[in-house]
Amino acid sequence: MKAVSIEAGERSKAKRVHGVNRGISVFDLVLRIVALVGTLASAVAMGTAGQALSFSTQIVNFEAQYDDIDAFKFFVVSNSITCVYLALSIPISIFHIIRSRAGKSRVLLIVLDAIMLVFLTSGASAAAAIVYLAHNGNTSTNWFSICQQYTDFCQRSAGSLIGSFGAMALMVLLIILSSIALSRR
C-alpha cells in the first residue's frame with residue numbers, strides 16, 4: 001500500500017475501499033445462493049411436470065410430460081448445469097470475502113458467469129417459446145393451444161420459467177458486481 005500524506009481534517013479512504021469490496025463480496029455470495037435456489041427450483045419444477053388426461057383409453061394415452069419436448073429437456077439441462085456451476089462457485093465467492101483484493105479469480109468468475117448466463121438464457125428462451133405456443137397456439141399453422149386440456153402441466157411449466165428468468169437477472173447483477181469490485185481493486 002502506498003504511503004499517502006493526510007492533511008488535518010481528512011480521512012484515509014484506503015480501508016473504506018477495502019470494506020466496500022468486502023460488502024460487494026458478501027452481496028455476491030448472497031446473490032449466488034439465491035440464483036442457485038432459483039435454477040434448482042426451475043429444473044425440479046420442469047423436470048417433474050407431467051399430466052395425463054382423465055379420458056385416456058387403453059389404446060390411446062393422452063399424456064404431456066416435459067421430456068416430450070426437446071426445448072424443455074434443454075431447459076432442465078441448462079438450469080441443472082448452471083445450478084451446479086453456482087454451487088461450485090460459492091467457495092470462490094467466500095474466498096473473495098476473506099481476500100477482497102483478489103483479482104485473477106474475479107476475472108475468472110466474470111468470464112464463467114457470462115458463459116453460464118448465455119447458456120441459461122438460451123435454455124429459458126427456448127422453453128418460453130414452447131410455453132407461449134402451448135398457451136396461445138399458432139392459428140396460421142393450425143397449432144392449437146393445449147393448455148385448455150393440460151392445465152396443470154402448463155401452469156407448472158410456465159411457473160418454472162419464473163425462477164430461471166430471475167436467476168438470469170441475478171447472473172447479470174453478479175457480472176456487474178464482480179466488475180465493480182475488480183475496478184475498485
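Cβ coordinates are placed from backbone N, Cα and C, and glycine is handled just like the others.
Taken straight from Swiss-Prot:
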CARBOHYD  N138  N-linked glycosylation site
TOPO_DOM  1-32  topological domain 'Cytoplasmic'
TOPO_DOM  54-73  topological domain 'Extracellular'
TOPO_DOM  95-106  topological domain 'Cytoplasmic'
TOPO_DOM  128-160  topological domain 'Extracellular'
TOPO_DOM  182-185  topological domain 'Cytoplasmic'
TRANSMEM  33-53  transmembrane segment
TRANSMEM  74-94  transmembrane segment
TRANSMEM  107-127  transmembrane segment
TRANSMEM  161-181  transmembrane segment
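Long-range contacts of the transmembrane segment (107-127) within the same chain, counting only residues at least 6 positions beyond its ends with a Cβ under 8 Å from a Cβ of the stretch, are 39, 46, 71-72, 74-75, 77-79, 81-82, 85-86, 89, 92-93, 157, 160-161, 164-165, 167-168, 171-172, 174-175, 178-179, 182.
Across the topological domain 'Extracellular' (128-160), the DSSP tally of helix, strand and coil residues reads 22 helix, 2 strand, 9 coil. Counting residues 6+ beyond its ends, the topological domain 'Cytoplasmic' (95-106) has Cβ neighbours under 8 Å at 18, 21-22, 24-26, 28-29, 178, 181-182, 185 in the same chain. A mean pLDDT of 80 is what the model gives for the topological domain 'Cytoplasmic' (95-106). Note on N138 (N-linked glycosylation site): other Cβ atoms within 10 Å of its Cβ, all shown chains, come to 11.
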